Amino acid sequence: MRVGFGYDVHAFVEGRPLVLGGVKVPHDRGLLGHSDADVLLHAICDALLGGAALGDIGRHFPDTDPRFKGISSLLLLRQTVELVRRAGFRIANIDTTLVLQKPRLAPYIARMAEEIGRATDLPVSSVNVKATTTEKLGFAGREEGVAAYAVVLLRSDGR
């Protein structure tokens with residue numbers, strides 16, 4: 001068994017949709033990034049890649065590559081899952097935390113877990129998404145951006 005940890009952060013900007021966990025969340029701003037800037041899925045990708053000792057998301061999907069401009073991070077997650085499988089691992093579970101002041105995410109958490117489960121071929125019972133605030137402290141508390149943390153457990157597929 002191996003554990004992978006991922007972290008990502010993106011700044012809020014006007015004129016972009018807010019996509020978290022593969023779900024469009026109504027908000028007056030979205031996140032800045034080369035892809036759809038889904039900070040949660042990026043943290044999961046990094047956790048998966050780290051657990052399999054395959055580097056990080058920037059190595060596999062660089063922001064200098066025009067193929068990834070505006071791409072759905074669900075596609076990046078699916079490609080990451082395939083890389084992890086080819087390395088001889090399968091995902092046991094995923095646990096995540098989003099850190100932001102607003103918007104409130106309670107109505108969207110279940111859909112995020114479903115999207116992540118679909119992209120990783122995991123049952124929803126093996127995917128956990130949480131959201132918290134920083135009590136108005138720091139960049140997240142000032143509503144300047146969103147941070148995400150992810151932990152994954154990988155099992156060897158016995159190769």
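Using N, Cα and C of the backbone, Cβ positions are placed for all residues, glycine too.
Quick caveat, the model's predicted, so the values are computed rather than measured.
As recorded in Swiss-Prot:
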- D8, H10, H42: divalent metal cation binding site (BINDING)
- 8-10, 34-35, 56-58, 61-65, 132-135, F139, R142: 4-CDP-2-C-methyl-D-erythritol 2-phosphate binding site (BINDING)
- H34: site 'Transition state stabilizer' (SITE)
- T133: site 'Transition state stabilizer' (SITE)
Remark   = Filtered by Cβ under 8 Å and at least 6 apart in sequence, the residues in the chain of I57 (4-CDP-2-C-methyl-D-erythritol 2-phosphate binding site) near it are D8, H42, C45, D46, L49, L76, T80
Inquiry  = In whole Å, how far does the CA atom of T133 (site 'Transition state stabilizer') lie from that of H10 (divalent metal cation binding site)?
reply    = 15
Message = Distance check, please: Cα of T134 (4-CDP-2-C-methyl-D-erythritol 2-phosphate binding site) against Cα of H10 (divalent metal cation binding site), rounded to an integer number of angstrom.
response = 16
Inquiry  = Using the alpha carbons only, what distance in Å do you get between H10 (divalent metal cation binding site) and H34 (4-CDP-2-C-methyl-D-erythritol 2-phosphate binding site) once rounded?
reply    = 11
Message = On the three-state reduction of DSSP, what should I expect for T133 (site 'Transition state stabilizer')?
response = coil
Inquiry  = Restricting to the chain of H34 (4-CDP-2-C-methyl-D-erythritol 2-phosphate binding site) and a gap of 6 or more, list residues whose Cβ falls under 8 Å of its Cβ, or answer none.
reply    = D63, F68, K69, G70
Inquiry  = Suppose the divalent metal cation site is D8, H10, H42. Which further residues of the same chain have a Cβ inside 8 angstroms of that site's Cβ centroid?
reply    = V9, L31, G33, A37, D38, V39, L40, L41, A43, V146, A148
Note = Within 10 A of the CB of P62 (4-CDP-2-C-methyl-D-erythritol 2-phosphate binding site), the number of other CB atoms across every chain shown is 11
Inquiry  = With every protein chain in view, what's the tally of Cβ atoms within 10 Å of the Cβ of T133 (site 'Transition state stabilizer'), excluding that atom itself?
reply    = 14
Query = Between the binding-site residues H10, H42, R142, whose Cβ has more other Cβ atoms within 10 Å than any of the rest?
reply = H42
